[in-house]
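J.: Shown below is the structure under consideration.
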Amino acid sequence: MAGIAMKLAKDREAAEGLGSHERAIKYLNQDYETLRNECLEAGALFQDPSFPALPSSLGFKELGPYSSKTRGIEWKRPTEICADPQFIIGGATRTDICQGALGDCWLLAAIASLTLNEEILARVVPLDQSFQENYAGIFHFQFWQYGEWVEVVVDDRLPTKDGELLFVHSAEGSEFWSALLEKAYAKINGCYEALSGGATTEGFEDFTGGIAEWYELRKPPPNLFKIIQKALEKGSLLGCSIDITSAADSEAVTYQKLVKGHAYSVTGAEEVESSGSLQKLIRIRNPWGQVEWTGKWNDNCPSWNTVDPEVRANLTERQEDGEFWMSFSDFLRHYSRLEICNLTPDTLTCDSYKKWKLTKMDGNWRRGSTAGGCRNYPNTFWMNPQYLIKLEEEDEDDEDGERGCTFLVGLIQKHRRRQRKMGEDMHTIGFGIYEVPEELTGQTNIHLSKNFFLTTRARERSDTFINLREVLNRFKLPPGEYVLVPSTFEPHKNGDFCIRVFSEKKADYQTVDDEIEANIEEIEANEEDIGDGFRRLFAQLAGEDAEISAFELQTILRRVLAKREDIKSDGFSIETCKIMVDMLDEDGSGKLGLKEFYILWTKIQKYQKIYREIDVDRSGTMNSYEMRKALEEAGFKLPCQLHQVIVARFADDELIIDFDNFVRCLVRLEILFKIFKQLDPENTGTIQLDLISWLSFSVL
């Protein structure tokens with residue numbers, strides 16, 4: 001219940017703008033300005049209690065408390081490491097980012113790319129920090145985390161060994177913005193060791209809030225040049241690199257003056273007419289050096305003489321050192337990998353860019369209710385969360401000769417690095433996209449059934465199921481309605497996720513789920529209509545007071561269920577019996593009279609029939625995944641969120657819902673629906689309660 005309340009509160013805060021870059025969420029409720037001012041007033045340097053200078057902040061295994069790698073480590077402030085520490089000198093450069101004893105080169109490559117864009121760098125690394133003015137041993141940074149900007153505060157105690165920084169450091173040893181940025185990122189992920197191993201695109205996204213895709217240039221898609229042009233039009237960040245095969249290859253220069261293992265940026269893509277034919281050209285920037293391409297279409301290449309002088313002047317006008325043109329074919333031949341970080345509309349301040357349309361949806365997989373696994377598990381796959389995508393407008397131009405709607409889908413699993421300390425790691429995740437059949441178009445209140453997925457193939461799917469934080473793919477489909485189904489590879493895996501869809505044109509996205517509905521069968525009974533046989537049974541069971549209490553009801557039902565071989569049950573708990581009495585006790589006596597007991601008896605027989613029919617394997621019990629169908633048979637349609645609550649409340653560790661819990665669930669639902677209907681006679685879908693009423697209903 002606490003989790004539901006937290007989600008509701010968070011949704012309300014997000015609607016008010018909390019989590020935007022301008023109103024970043026304070027991680028662990030630590031406010032930078034408040035903490036710094038407190039330290040300055042006290043004349044003390046900040047010590048972060050939430051990420052202490054202790055072995056627990058380093059790691060849990062290779063960097064754990066008893067590891068040889070962590071012996072002799074001392075935590076020191078920059079003022080103790082060098083005579084004149086600086087936060088940042090003359091802007092950020094790649095020499096500020098040298099890898100240490102941590103396998104987070106993926107993160108450092110993303111930081112290096114971040115330095116190519118001063119505006120975006122300043123969002124992540126506030127540049128007005130220093131070791132001189134108002135220095136209090138405290139620094140702050142901003143990261144994008146699953147749709148929200150989060151401000152993280154750290155103290156400046158850094159792990160050292162033999163007087164040297166253990167992890168990332170600057171080449172000169174006196175600049176500390178990158179080391180403190182790495183520490184803040186380690187904090188939000190639980191510890192330094194949690195950063196070991198990852199994809200550069202993960203860092204790209206956490207520094208920009210964008211959605212990052214990458215291409216192996218040995219196997220490029222046929223429309224890659226057009227993809228690059230469109231990405232540049234939309235203000236995306238594009239980076240490329242040449243793979244290295246050994247440590248000796250790092251920073252090695254090829255005979256045509258390209259540097260291996262080096263982060264380049266792509267800044268232009270143009271088609272020019274040369275000697276009667278069209279040439280595709282790519283403009284590359286080497287941001288940290290004068291080393292430039294000497295192959296065809298370099299600055300001094302005679303090929304430029306075959307181009308219209310005005311076009312040539314336009315393209316070769318030098319913006320800054322380190323920028324050069326090369327043919328697209330040479331680009332594919334010499335470079336290994338291209339990464340595109342598509343930025344969100346709020347990141348781009350320039351109105352000249354053609355901005356992506358962005359939608360984000362949050363969801364979760366919960367064991368026993370919405371963690372159905374992939375298509376290999378047909379009995380549970382349909383239980384996964386489902387999202388409707390309505391593609392309405394085609395792209396303005398067909399980049400590959402095919403009309404359609406271009407969109408990117410990114411499925412991110414949340415907080416998995418943080419859980420490495422607890423022995424957890426990334427789930428293997430992926431998704432499928434299904435075309436909505438004509439008879440269901442326009443409906444969002446129907447969770448697609450098991451039979452639909454047994455008879456319908458996916459129209460598109462993620463390239464693979466993989467244990468990375470994000471699975472991302474680019475698609476182009478005709479206008480229409482589609483359902484996206486995210487899943488873990490295996491069922492029964494708990495996890496939170498967010499889905500982001502970037503589309504060229506406006507599209508509509510929403511959760512596909514059953515609407516809340518209760519068709520409760522009202523059993524009409526008059527005492528005169530009750531047969532003599534049932535009257536004699538009631539008189540025998542009720543005793544002299546002609547009423548049945550919850551305790552008497554428990555004894556009666558235990559005897560009844562003991563005779564049934566098709567339902568495994570130890571009888572009903574006293575809690576279940578009490579709420580059954582509460583449901584029908586119209587006179588407030590706390591007991592059931594003849595008519596009330598007759599209605600309850602009829603209901604229990606109906607519950608038995610449903611339970612037996614849903615139990616297809618004749619085990620005498622019900623699996624939690626069968627509960628959804630059982631609730632529908634009983635007249636209740638509920639969204640995924642409520643199924644998660646029901647399974648958490650009524651299923652055991654093996655995801656079994658016994659007959660007692662099944663009945664208790666149905667009775668509680670019936671009571672709650674009836675209360676709501678009484679308090680909402682106009683069917684507005686909303687009621688108001690004071691505290692005493694809320695508490696009275698909550699203890700049911």
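Backbone N, Cα and C define each Cβ position, glycine as well.
Worth saying up front: this structure is predicted, and the values here are computed from it rather than measured.
Annotations for this protein, taken from Swiss-Prot, read as follows:
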- Ala2: N-acetylalanine (MOD_RES)
- 345-514: region 'Domain III' (REGION)
- 530-700: region 'Domain IV' (REGION)
- Ala542, Asp545, Glu547, Glu552: Ca(2+) 5 binding site (BINDING)
- 572-605: domain 'EF-hand 1' (DOMAIN)
- Asp615, Asp617, Ser619, Thr621, Glu626: Ca(2+) 7 binding site (BINDING)
- 667-700: domain 'EF-hand 3' (DOMAIN)
J.: Ten-angstrom check, please: count other Cβ atoms within 10 Å of the Cβ of Ser619 (Ca(2+) 7 binding site), all chains counted.
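T.: Taking every protein chain into account, the count is 11.
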J.: Taking the Cβ of Asp545 (Ca(2+) 5 binding site) as the centre, count every other Cβ atom within 10 Å, in any protein chain shown.
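T.: Other Cβ atoms within 10 Å of Asp545 (Ca(2+) 5 binding site): 11.
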J.: Of the binding-site residues Asp615, Asp617, Ser619, Thr621, Glu626, which sits closest to Glu547 (Ca(2+) 5 binding site) by Cα distance?
T.: Thr621
J.: What are the helix, strand and coil residue counts for the domain 'EF-hand 1' (572-605) according to DSSP?
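T.: Final tally across the stretch: 23 helix, 2 strand, 9 coil.
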J.: About how far apart, in whole Å, are the alpha carbons (Cα) of Asp545 (Ca(2+) 5 binding site) and Asp615 (Ca(2+) 7 binding site)?
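T.: The separation of the Cα atoms works out to 39 Å.
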J.: Counting only residues 6+ away in sequence within the same chain, which have a CB under 8 Å from the CB of Glu552 (Ca(2+) 5 binding site)?
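T.: Those within reach of Glu552 (Ca(2+) 5 binding site), by Cβ under 8 Å and sequence separation of 6 or more, are Leu541, Ala542, Gly543.
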J.: Residues near the Ca(2+) 7 site, Asp615, Asp617, Ser619, Thr621, Glu626 excluded, by Cβ within 8 Å of the Cβ center?
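T.: Here the nearby residues are Ile614, Val616, Arg618, Gly620, Met622, Asn623.
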J.: Enumerate the residues of the same chain, Ala542, Asp545, Glu547, Glu552 excluded, that satisfy the criterion Cβ within 8 A of the mean position of the Cβ atoms of the recorded Ca(2+) 5 site; list them in sequence order.
T.: Leu541, Gly543, Glu544, Ala546, Ile548, Ser549, Lys591, Leu592
J.: Across the domain 'EF-hand 3' (667-700), what does the pLDDT come to on average, as a whole number?
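T.: Average per-residue pLDDT within the domain 'EF-hand 3' (667-700): 88.
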J.: Taking DSSP states H, G and I as helix and E and B as strand, how many residues of the domain 'EF-hand 3' (667-700) are helix, strand and coil?
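T.: Once the DSSP states are binned, the domain 'EF-hand 3' (667-700) shows 21 helix, 0 strand, 13 coil.
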